[in-house]
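Since the structure comes first, as structure tokens, the remarks are kept for the end.
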Amino acid sequence: MQKLTLPAPAKLNLWLHIIGRRADGYHELETVFQFLDHGDELSFALRDDGVIRLHTEIEAVPHDSNLIVRAARMLQAQSGTTLGADIWLTKVLPMGGGIGGGSSDAATTLLALAHLWQLDWDEDRLAALGLSLGADVPVFVRGHAAFAQGVGEQLTPVDPIEPWYVVLVPQVSVSTVEIFSHPQLTRDSLPLKMRPVPEGNSRNDCQPVVEQNYPQVRNALNSLGKFTEARLTGTGSCVFGAFPSKAEADKVLALLSATQTGFVAKGSNISMLHRKLQSLVKKSSA
């Protein structure tokens with residue numbers, strides 16, 4: 001195989017509790033990740049000269065600092081391959097939105113290049129490499145909805161319901177560093193240590209601080225909250241609410257479209273990236 005095109009799906013944090021702060025400054029979390037059937041798309045073409053080249057410029061992100069390029073070069077170095085790749089990105093997911101755009105792109109890059117370069121790397125090894133790029137990368141590498149602990153890297157598969165979501169995208173980028181260093185951030189939630197999604201006693205501990213500091217996010221939560229429970233994902237800026245059908249979700253988004261930007265997407269416990277990879281494996285073995 002010389003070329004490969006794969007999706008990089010969005011994720012939601014259905015809830016996010018901060019249960020402590022480690023000596024190294026990182027926060028101990030409990031959260032549930034679920035994927036959306038909505039995301040970026042990446043195309044890869046094999047090179048035999050070892051060059052890694054991303055042909056899509058991302059504003060304010062230098063080429064060599066892009067997580068896609070960093071993931072590709074790290075996999076190249078760790079595997080010892082002499083092959084390279086040309087990479088093109090169709091960017092759909094917002095930066096600083098809390099829906100995993102950069103982490104998902106990095107995970108898709110690792111899985112795609114392991115396939116193109118015919119590396120004998122299993123999911124565990126790719127996820128461990130992904131963790132060095134970001135705490136959210138492993139869940140995208142593994143591709144199954146998960147209850148996460150630690151800094152978000154200790155994953156236990158779960159299967160929450162898969163509703164339709166309205167996701168609103170406030171036109172502001174939230175700084176994760178700013179939120180996690182904020183003095184008013186809750187850092188002492190009681191550990192649930194529960195694998196199922198808790199009913200009625202879950203929340204996003206980052207949400208009060210983000211609402212306080214980002215009025216655009218507060219407005220989005222208030223707008224969506226008129227129709228269903230609205231919640232922040234990650235540190236934002238995106239907010240989401242669940243609906244039982246696409247028709248209901250589409251109707252609500254249409255009603256909000258005069259003042260809010262967003263999209264409708266289906267929740268999925270198996271990422272569309274992994275569904276695509278599974279179909280490729282079936283085709284190649286047929």
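For all residues, glycine too, the Cβ spot is worked out from N, Cα and C.
Owing to the predicted nature of the structure, the values given are computational and were not obtained by experimental measurement.
Listed in sequence order, PHE33, GLN34, PHE35, LEU36, ILE99, GLY100, SER104, ASP136, VAL139, PHE140, THR233 are the same-chain residues at least 6 apart in sequence whose CB falls under 8 Å from the CB of LYS11 (active site). According to its DSSP assignment, LYS11 (active site) is in a strand. Sequence annotations record features per position, and here Swiss-Prot assigns active site to LYS11 (among others).
Cβ environment of GLY98 (ATP binding site): ASN13, VAL174, LEU232, THR233, GLY234, THR235, GLY236, SER237, CYS238 lie under 8 Å away, each six or more residues apart in the same chain. Among the features that Swiss-Prot reports, ATP binding site is placed at PRO94, MET95, GLY96, GLY97, GLY98, ILE99, GLY100, GLY101, GLY102, SER103, SER104.
Per Swiss-Prot, the feature active site maps to ASP136 (among others). Summarising the environment of ASP136 (active site), the number of other Cβ atoms within 10 Å of its Cβ, over all protein chains shown, is 27.
Sequence-distant neighbours of PRO94 (ATP binding site) (same chain, 6+ apart, CB under 8 A from its CB) are GLY101, VAL169, SER173, SER237, CYS238. The 10 Å shell around the Cβ of GLY102 (ATP binding site) contains 24 further Cβ atoms across the protein chains shown. Listed in chain order, the residues near the ATP site other than PRO94, MET95, GLY96, GLY97, GLY98, ILE99, GLY100, GLY101, GLY102, SER103, SER104 are ALA10, LEU93, GLY234, each with its Cβ within 8 Å of the site Cβ centroid. Among the binding-site residues GLY96, GLY100, the residue whose Cβ has the fewest other Cβ atoms within 10 Å is GLY96. Cβ contacts within 10 Å of SER104 (ATP binding site), excluding its own Cβ and spanning all protein chains shown: 28.
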